[in-house]
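Written out below as structure tokens is the structure these notes cover.
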Amino acid sequence: MIQEQQWLLSLGTFLPLAGVLVMLFIPKKDEAMAKGVALLTAVATLGVGIYTLVKFDYGQSQKLQFFTTNKWISPIKATYTIGLDGISLPLYILSMVITVLVMVYSWNHVPNPGNAKAFFILMLVLQVGMAGTFVAQDLILFFVFFELVLLPMYFMIGVWGGENRQYASLKFFLYTMFGSALMLVAFIAMFIVTKNHATNPDAANFSFQWFHANAPGIARNTAIWIFGGMFVGFAVKVPMFPFHTWLPDAHTQAPTQGSVILAAILLKLGTYGFVRIALPFLPQAAKTWAPIIAVLAVIGIIYGALGCLAQTDMKRLIAFSSVAHMGFVMLGISTLTPLGINAALFGMVAHGLITGMLFFVAGSVKERYHTLEIKRLSGMLKQVPHLGWILGFCAMASLGLPGLAGFWGEFPALLASWSPATILTDSAMGNHELLYRVLTVISAFGTVLAAGYLLWLYQRTAFGEPSEEFAAHGHDDHGHSDIHDVNVFEWIAWTPLLIGIVVLGVVPSLMFKVMDPAVQQLTSVFGK
Amino acid sequence: MIAFSAPIVDYHALAPELVLAAGICLVLLVDLFVPAHRRWITGTISGLVLLGALLPVVTLAVLGGDVRDVLSGDGISGRYVVDNFALVLKALFLLSGYVVVLLSTNEIEDGGYYQGEYYVLLLSSVLGMVMMASSRDLVSVFVALEFLSIPAYMMAAWKKRDRKSNEAGVKYYLLGVFASAVMLYGMSLLYGIAGSTKLSVIGEKITLSGPRTGIEVIAVVFVIVGFSFKVSAVPFHTWAPDTYEGAPTPVTAFLSVASKAAGFVGLMIMVYLAFPLARDVYRPFLWVLAALTMTVGNLVALKQKNLVRMLAYSSVSQGGFILMALAMAFTNGSEESSLRAIIVYLIIYAATNLGAFAVVIAVARRTKSAEISSYGGLFNYAPGLTVMMTLFLASLAGIPPLGGWYAKFGAFRAAVDAGGGWGYTIAIVGAANAVVATAYYITVMREMWMKPVPEGADTSAVKVPASLVAALTITGLATLAFGVVPGIIAKVGSLTDLTGAFHG
């Protein structure tokens with residue numbers, strides 16, 4: 001690991017809190033001031049993030065950089081250890097970008113019942129939790145950051161959400177809480193079991209390093225149980241079938257900003273947990289769980305796609321498509337190969353950009369038409385051409401069109417699952433090659449379904465003539481229009497995402513090059 | 001015939017108790033000679049007395065060193081001691097008492113209650129708790145327990161003309177006395193077995209080897225049952241919700257935090273010193289109590305419409321987590337992590353729960369109600385109180401980065417540390433309960449943040465009196481600090497070696 005500029009990650013993670021502190025002293029009525037301070041803080045945080053990007057040593061991206069470790073809760077051996085490698089760098093930066101963009105979008109889009117100050121404070125707190133989760137290199141620290149996002153998101157959905165917000169927010173909260181309670185027990189169990197069989201139990205601590213060195217030695221049966229606890233915790237967050245039922249409700253009811261953050265970053269906390277914690281620490285159990293994860297992932301792909309076809313609400317459709325896309329990510333992870341995990345990590349970022357963008361569009365459609373019912377919308381290309389084209393672009397990206405970012409998450413994942421890691425095809429332990437090949441075929445069919453539901457959505461909403469009920473709202477002779485095209489705040493918030501989708505689609509090696517050394521090192525625990 | 005020789009008293013070690021006793025007399029006298037409209041001064045004096053009693057605790061801690069026998073002499077040493085365990089808990093009781101005084105100031109003054117007497121009883125009860133922390137003998141444990149309980153019975157019935165308050169007092173009194181009787185019976189059997197009231201002697205007599213006699217089983221079970229009433233463990237919790245609801249709210253805060261903690265301290269002293277080797281008896285018993293307490297407390301709390309009643313059941317269920325750690329003590333060498341987990345839990349729970357009650361009191365000054373529905377839309381007109389309440393509830397639910405998560409973490413760790421079927425099963429039961437618990441804490445948050453203000457409610461800004469602001473500041477900072485830097489509290493927890501324990 002590289003221990004230079006040790007302050008950098010702490011600054012990047014906790015800077016938003018400084019903004020929160022300042023905002024506490026701004027009177028509630030002074031909304032512009034509150035928004036300004038929040039945006040300034042987020043931009044400053046992103047500035048720190050960009051500095052991190054510049055200073056990152058890409059030649060050694062498998063190593064933890066800006067690494068620092070300090071005492072934190074000595075009696076239970078939890079440490080304040082943070083670091084950044086090629087796996088976490090893209091997600092860490094993504095969280096900062098998304099927060100800034102969401103804040104720009106919120107500038108004149110604070111959802112009912114208003115109160116911009118509280119809304120922006122919650123976004124800053126969320127940012128701390130998200131960035132912290134990606135830099136944490138200690139299990140307890142990870143847990144604290146992982147949980148830190150829970151309450152702000154609960155309030156964001158519950159206070160600023162749609163009609164059914166209270167039900168949706170409660171469901172979101174209880175599901176996640178259930179997962180994290182089991183996850184915590186699993187973490188503690190892993191620590192104690194590791195400590196008991198280690199040769200130097202006095203050195204035991206909660207840092208990732210310790211588990212890297214010692215956890216793979218846990219007896220296989222015990223490890224399978226511990227993995228199970230973590231599996232529930234992470235799978236709820238991803239969410240994987242059958243733990244996904246909170247997601248459509250949460251997404252549909254959340255305000256646009258909440259949906260974007262949820263889709264772009266929060267779901268990734270779960271998949272990141274699998275890649276960073278469950279797989280490398282418990283490879284002996286991962287071998288047993290991988291086929292199960294693969295099957296559930298593929299069920300998620302197909303189920304999500306079929307769910308999409310049945311939706312009548314645009315936002316709910318996008319939410320179900322998230323279930324399908326995260327299925328591809330989990331399929332990639334379940335192959336235990338470098339290719340699969342690279343694909344999964346790429347898929348995480350791509351899904352963050354694309355689905356985040358789709359939710360932005362859905363929010364803007366809702367704001368203009370006051371409905372997201374697909375059958376009431378039509379002719380967007382005529383009435384709001386820019387918005388219509390952007391929707392089309394995102395739909396293409398989402399269905400995995402080559403040349404756009406979505407492709408590089410799905411295609412390599414399918415490729416990887418055709419030939420999973422050798423430990424999964426090792427006949428001594430049960431050969432799963434056939435299973436994975438069948439799953440590959442089924443999930444390839446899932447991409448066809450994805451094209452189906454996205455194109456169908458696009459066709460119904462964007463093509464044709466504007467429907468009668470909205471036609472009169474368009475550009476009339478007096479220049480009034482309540483259904484207007486993309487405005488300047490939206491352009492500012494969306495352009496970086498659209499550029500990102502194209503750039504990552506055309507030059508995927510930008511990210512693969514950063515991630516691959518770290519992924520190679522991670523998968524080395526599974527042998528060749 | 002043995003000649004009586006007077007024990008040697010270590011006055012420094014006894015100072016906290018002496019300050020409190022002097023303070024009680026002082027408050028009584030002041031109350032007698034001060035005109036009615038200036039009786040509020042008794043509250044101020046009580047607060048100062050509690051802080052004054054904290055001074056010797058601090059000096060004793062700073063001087064550190066070995067265990068101090070408060071009373072030493074022939075056959076009397078080791079029965080009433082000051083060790084780190086005692087100091088930490090004394091500090092906890094005194095500080096909790098101080099916060100309760102802050103909570104009481106306006107409530108008792110505005111209610112036109114008997115202020116002087118109220119504070120005298122409060123101080124007496126705290127004195128009993130302070131004594132409990134030092135007791136290492138059946139007699140002193142029992143005396144301390146009665147000392148802390150009897151004033152509390154009266155305080156529960158303090159709203160003299162309120163039928164619910166009378167009910168609260170009577171129920172608490174009758175069940176409390178019954179529990180004392182059961183416990184005393186168990187203690188008499190313990191004395192019969194060991195021939196001594198000194199706990200460490202009893203601990204040596206009740207061994208793991210040899211067949212367990214029926215008398216030993218009854219003695220251990222009866223003592224635990226007696227304390228189970230005090231800590232309102234299911235199925236001995238039935239008095240708690242009615243008492244908590246009927247008593248004046250500051251008294252409820254006191255009962256659910258300080259009095260309950262004292263009960264746990266007593267139970268811990270008994271388990272760790274008097275029968276550590278009888279784990280074949282107390283482990284299954286406490287295990288079942290813990291599982292029942294967590295589960296039943298939670299399930300009933302889910303249905304509550306009144307916030308104080310809900311907090312009552314929540315405190316029952318929180319007690320279950322402490323029992324979980326205690327049940328798994330002395331299993332595979334987990335006694336140290338259990339002891340630390342319990343102490344840390346008690347401290348964090350005290351800060352959080354007192355804070356929650358402070359908000360309840362502040363809000364009730366406006367709404368005159370503790371119904372959860374009366375909290376509708378609180379965020380709109382009292383954002384500060386809403387945020388504070390959210391922090392306290394989130395801490396009770398165990399959500400990082402607030403204190404409660406570390407308390408729960410410790411309890412889970414103690415259970416998993418003990419390991420085996422018993423340990424893992426109770427940890428899973430606890431994890432499931434932690435989730436159920438969030439459901440009702442979140443109901444209150446939802447009411448405050450998301451529901452509309454009830455019709456006809458006054459929505460001008462809520463004025464919070466200075467003493468409540470002080471209480472909220474203390475408890476709020478503690479709740480936050482314990483969660484973000486649990487190191488400070490964990491350090492305290494790791495100092496608490498209960499003298500004489502860990503040798504079994």
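Cβ atoms are placed via backbone N, Cα and C, with glycine included.
Whatever TrEMBL says is automated annotation, not expert-curated.
Since the structure is predicted, the reported quantities are computational estimates derived from the model, not experimental observations.
Quick look at what TrEMBL lists:
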type	residues	note
DOMAIN	B:135-430	domain 'NADH:quinone oxidoreductase/Mrp antiporter transmembrane'
TRANSMEM	B:13-33	transmembrane segment
TRANSMEM	B:45-65	transmembrane segment
TRANSMEM	B:85-104	transmembrane segment
TRANSMEM	B:116-133	transmembrane segment
TRANSMEM	B:139-158	transmembrane segment
TRANSMEM	B:170-194	transmembrane segment
TRANSMEM	B:214-239	transmembrane segment
TRANSMEM	B:251-275	transmembrane segment
TRANSMEM	B:342-364	transmembrane segment
TRANSMEM	B:376-402	transmembrane segment
TRANSMEM	B:422-443	transmembrane segment
TRANSMEM	B:464-489	transmembrane segment
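Among B:85-104, B:170-194, B:214-239, B:422-443, B:85-104 has the largest number of CB pairs under 8 A with the transmembrane segment (B:342-364). Scored by C-beta pairs under 8 angstroms, the transmembrane segment (B:464-489) has its highest count with B:376-402, from the stretches B:45-65, B:376-402, B:422-443. Remote same-chain residues near the transmembrane segment (B:13-33) are listed as 39, 41-42, 45-46, 49-50, 52-57, 60, 68-70, 82, 90, 94, 115-117, 119-120, 123-124, 126-127, 130-131 (criterion: CB distance under 8 Å, separation of at least six residues from the stretch ends).
Remote same-chain residues near the transmembrane segment (B:116-133) are listed as 16-17, 20-21, 23-24, 27-28, 30-32, 39, 42-43, 45-46, 49-50, 53, 85-87, 89-90, 93-94, 97, 100-101, 104, 108, 140-141, 143-149, 151-152, 154-155, 158, 254, 258-259, 261-262, 265-266, 269 (criterion: CB distance under 8 Å, separation of at least six residues from the stretch ends).
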